[in-house]
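These features come from TrEMBL:
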DOMAIN    1-89  domain 'TFIID subunit TAF5 NTD2'
REGION    144-202  region 'Disordered'
COMPBIAS  148-170  compositional bias 'Basic and acidic residues'
REPEAT    317-349  repeat 'WD'
REPEAT    359-400  repeat 'WD'
REPEAT    401-442  repeat 'WD'
REPEAT    443-484  repeat 'WD'
REPEAT    485-526  repeat 'WD'
Amino acid sequence: MDLVAKGHIQEARTFFNRFREDHEMMHLRDLQKLEGVLSPSHLEEMEFAHSLRQGKVNIKICQYSYEMLLQYLHKTQTTVILGIINERINFQVFPGQPSSISDDAELVTLTGSTQDTANQINKKEVHWGLLEDSLEERLEKAAGLLSDSEKAEGETKDGDVDENKKRTAEGGKPGSSIKKVKKDKTASATGKTLRAEANSASMAPRVKPELALPIISTEVEQSILEDLRNRVQLSSVALPSVSFYTFINTHNGLNCSSISYDGALVAGGFSDSSLKVWDMAKLGQQAGNTVLQDENDMSTSDPVTGHTSGKRPYTLFQGHSGPVHSATFSPIGDFVLSSSADTTIRLWSTKLNANLVCYKGHNYPVWDVQFSPVGHYFASCSHDRTARIWSMDRIQPLRIMAGHLSDVDCVQWHANCNYIATGSSDKTVRLWDVQSGECVRIFIGHRSMILSLAMSPDGRFMASGDEDGTIMMWDLSTGRCVTPLIGHTSCVWTLAFSCEGSLLASGSADCTVKLWDVTSSTKPPRTDENKTGTANRLRSLKTLPTKSTPVYSLRFSRRNLLFAAGALSKSASTA
C-alpha cells in the first residue's frame, strides 16, 4: 500500500504476488479486497485499506519465539524491519512453547483500534441476566408453589398408604387408594421436571428492562405458558425431535428462510424481490421432512400486498424492489419483517396478508433483520457498516450503532432485550447497549466474516458462526472465548440454542445440522488437564446430514422441537 501511495504500481503488484501465498490461509478475503487497489485514489476511497494503514496487527507469540526474534534483530541491525515492526505490529507475548496456528483462533487478529482500546471496552459492565417478572419466572414461581403443596400432600399420601395397608389386612378393597397414590406420583414427577427446568433459569440474575415492553394479551400469555409447561427437557442423552422443511424448485432464487416460534409458518425471501409464507396447517404436513414447492407463478398482482390463490400453496408478499436478504417472525407470528437490497425493511401482517409499513434509514442493502424476544422492537444491519434499532410504531430508527470496519452481516437480540450483538465482515462480533447505543464488548478471534449469532436462554453465553465453518462460544461477562466448535466444513448460516440452554444446534452450507453439548463446555475447568485446550472443547453430540440441502435456518419451538429449513441444491454435494 505504501508503494501504491507513492505511485509505484508495478512494483506493488510484483511485491503483492510474491508474498500473497504466505497469507492466504489466514487472510484470503482481505487479500481479495487489496488485489483491486491499483492507484492512490483507490487507497483513499477504500475504508478497509484506510483502517489497515492506521491500525496495528496483533500477533500472539510465545516467549521463546519472541526472544529469538529480538536476538535476530539485534544481531543483524535491520533497521527497516525494526521500523515496520514498531509501526505496524503489536506483539502479545505469552509463556510456554510454540503451538500450531490452527490451534489458536486469536493468533492473528486485526482491529481498527489498538488492543488496549478493545480491552478498555471489554471492562464495561454487562448485566447479562433475565428480565424481572418474565413468563419463565412466573412459571418457576408456580412450580415453587407446587413443591410447597407437595409437602402437605406427602403427609396425606403417607396416611393413605397406611390406611390402604390396614384395609388390605382387614380384607377391604384397596383399589381407590392405590389409584390416588399413582396419580400423586405422576403429579410429583411433573413438579420435579418443572423445578429442574426452573432451577437452571433461576441461577441467572434478574435485571430491569431498559426498553418500554409491550403488553401481552392474556390469551397469548396463557398459550405461551401452556407451551412452557409442556416443554420437553433436552440434554446430551435426550436429543430433540427435528422437523426439516425443504424448498424445491427455487432455481437458486432463495436467499433466506425463517420459521415462526411454533413452526406453523415458514417464510422464504427470494432474489426476485418477493417474500413467500407457507402455512403448515394448510399443507397438512406431519412432523418429519416437509417439501415447500415454489411454483414460480408469474401472474401479476397488486404491489405491496400479499395474497393466496387457488393454485398457490403459499401467500405471496410483493413490495420490495430488490432481492430479499432476511425475514423474521414476531414472537406470536402475527407479523413478519423482511429486509432487502433496496435498503428498506418492510413489515407485513400474516393475518391481513398486507404490507403495513416501509422503514427507510439504511443507505445500502440491509443484510439482516431480527424481531426482539418480546416483539414490537427489531434490529437491522447493513452494508453501510451500521446496525439500527427500530420500533414498529416509528418509521425512523431509535438507535444507530456505528463502529464496525466493514459490512455488518448479522444481528441478534440478547434474551433480556437490553443488548444486541452484531457480526461483521471485519471478523469481529460486538455487543451494544440498547439504551446508550454504546459498544460494551468486542469479541476477537474469528478468521473470516461472521454469518450467524445465537444467545443462550439465560443470557450469559453467545455463539457465533463464520464463513470457514468455525463456531465460537463466548462468555458475555468476560468477553472471552469459552471454547471453539470445530466440525463444519463450510459456512455456518444459522445457530439456535435449545430453550433450557443445554444444547446448541448449528446449520451449515455443508448440508448438515450439528447438535453440540453446551453444558460440558461452559463449566470452568477444575483440573490442570484442561490446559491443553482439547478437554474443554465443545462436544459434538450428533450430526444430522441432509441429502443435498444446505441449512438456511434453525428454530427451537417453545416446546423444544427443532425446526430447520433449506433449499434443495443439486450442486451442494459438489460445492
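Yeah, the Cβs are placed from backbone N, Cα and C, and that goes for glycine too.
On a predicted model such as this, the values are computed, not experimentally measured, just so you know.
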Intrachain residues whose Cβ lies under 8 Å of the repeat 'WD' (401-442), provided they are six or more past its termini: 29, 47-48, 51, 109-112, 118, 121-122, 124-131, 207, 209-211, 213, 367-374, 377, 379-383, 385-389, 448-459, 462, 464, 466, 474, 476, 479
Helix, strand and coil counts within the repeat 'WD' (359-400) (DSSP): 0 helix, 22 strand, 20 coil
DSSP-derived helix, strand and coil totals, residue by residue, for the repeat 'WD' (485-526): 5 helix, 19 strand, 18 coil
Per-residue pLDDT averaged over the repeat 'WD' (401-442), given as an integer: 94
